[in-house]
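Participant: What follows is a single structure, and I will ask about it in a moment.
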Amino acid sequence: MFVNKGGKQRTSRAGWSGEGEVAIDPDYPTRLNFYQKAPLLEISIEEFEQFALDRLQVLKAIEAAQLRGRDEAEIFKQVEAVCRERMCLSASAGSMAIRHDERRKDHISHFILRLAYCRTEDLRSWFLRYECALFRHRLMAVDAAEKQRFIASLNLGHKQLSKKEKDLMRTELMASCAHIPNFNFENESFLEVNFEDALDLVQHRRVYLRNGYAYVPAMEQMALVIGEFKRRLAASLEMYAKALPRMDEDERLMPVLLNISRQNTGKEYTTDAVAGKVTADDVEPLSALFPLCMSHLHNGLRSEGHMKHGGRMQFGLFLKGIGLPLDEAIVYWRRAFHKSTDDEFQKKYVYNIRHNYGMEGKRADYTPYSCARIITSNQPGAGDHHGCPFRHFSPDNLRRELLVSGVDEADVQEMLQLVTGGHYQVACTRLFEVTQLARARQQGKAAANVASAETITHPNHYFEQAFNLMSPGKQQNGMEIESGANASQHAIGKRWRGSN
RNA sequence: GGCGGC
DNA sequence: GCCGCCAACATA
Ligand code: SF4
């Protein structure tokens, strides 16, 4: 865990300003927190889960607000409302004991999620993004005195320029502030910080740089603090990720954490035709039921944090076909494109997603691509992951891809044979049999009592067949999650429970 | 990705 | 540089 360099922060003179007579909690002097020190976990399981869930709800609400909210003010309002409901932090209301409990909850819940969300790159970047957003929100919400008190307690080493130094760099400093509306050089003070502490500002050319130092106008200090928060949290998440495997075995914590990181907003599922309403969080677990073309796209998306246009079409429509509604699709893609900024995402991708769902222009509700279309048109080029693996992969690549999927040598041979004969969809059907069908048999599903499957004609057909193999034969009474269990069974289990 | 507009 | 509009079609 990090050593808090400024650990001896206490009252300073802050008691005289802002909050007036309100006593200061030595554990949590302000509502803001850099979460440098892990809390002592003396806490019941119920409280543990409740805390985590509440914070998760807040982070998800921020995500939703940023996607839906029209302007900054509206987003702020929405976030504020959720914060008040699930993670309220009072400035001076109530007793000190109450404020202490609120801040303790904030503290603990942060660390639970930090633990739960350190596991994979995807989870880390999602958590980092929205923790920063939450921190930023609070930084804007608290009053100036409390903010200053907090920043001072951090000891970030922001040295304020003396009048003399400032005058020496006058022209350069003024030039760097040209973008600020009505900037008054005389009244502004400047901070000298290591330039790597101000990377965000440097990138946007909003500061003057000189041999390793950035000179930041004091009004931009908030950006520095947020940047620092982000750096430290990111570093800590990396550390946690490396440390996690070691506590994996003996801790009973792990299952709880796993459960948290896959928690949904608590929506209920209805079992209609196929998979019912699918949420952004369901895509991952359900990917075990995807045909090869789609799982290949899905993998590419996960490892690259991005997907080219052809793939977005093929995969996006497929997802719509499995029951992912528009708003969930937007959340899903936003989350998957973890390299993009909100702004870029909004501008470049949202329109097209909406268009695919028939919400834009001609308002056509497009059907997902069929195998025939995928195989014949729009050949994938360099950097593309769309197309049909059986058709577009080299025999070598295809063999590797199949072996990775756990197909045994003999079956791979058979499929390669079919492919050379141009029977791509038959090969795909064979894959269905040796993976989906075989697993269903092994689990004693009633629906698996067939010798072979019908030939696959459509990726969504593949998915639906695979999905239907799961639900009808629950012979073991909901105890599907055994040794070989993969994530898909969890999601399906949820539906079974919901459908009784 | 293509087409189109400023 | 900003933006809009399009493509699809299995299927019990
Ligand atoms: S045959 Fe159809 S479903 Fe199977 S991989 Fe090719 S395109 Fe996808």
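Cβ atoms are placed via backbone N, Cα and C, with glycine included.
So TrEMBL lists these for the protein:
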BINDING   A:C293, A:C371, A:C388, A:C428  [4Fe-4S] cluster binding site
DOMAIN    A:288-463  domain 'DNA primase large subunit C-terminal'
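Have a look at these and tell me how they're positioned relative to everything else.
Facilitator: Cβ neighbour count for A:C388 ([4Fe-4S] cluster binding site): 25 (other Cβ atoms within 10 Å of its Cβ, all protein chains included).
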Participant: Under a three-state reading of DSSP, tell me whether A:C388 ([4Fe-4S] cluster binding site) is helix, strand or coil.
Facilitator: coil
Participant: Non-local Cβ contacts of A:C371 ([4Fe-4S] cluster binding site) (under 8 Å, 6 or more apart, same chain)?
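Facilitator: Correct list: A:C388, A:Y424, A:Q425, A:C428, A:I456, A:T457, A:H458, A:P459.
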Participant: Near A:C293 ([4Fe-4S] cluster binding site), how many other Cβ atoms are within 10 Å of its Cβ?
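Facilitator: Excluding its own Cβ, A:C293 ([4Fe-4S] cluster binding site) sees 28 Cβ atoms within 10 Å.
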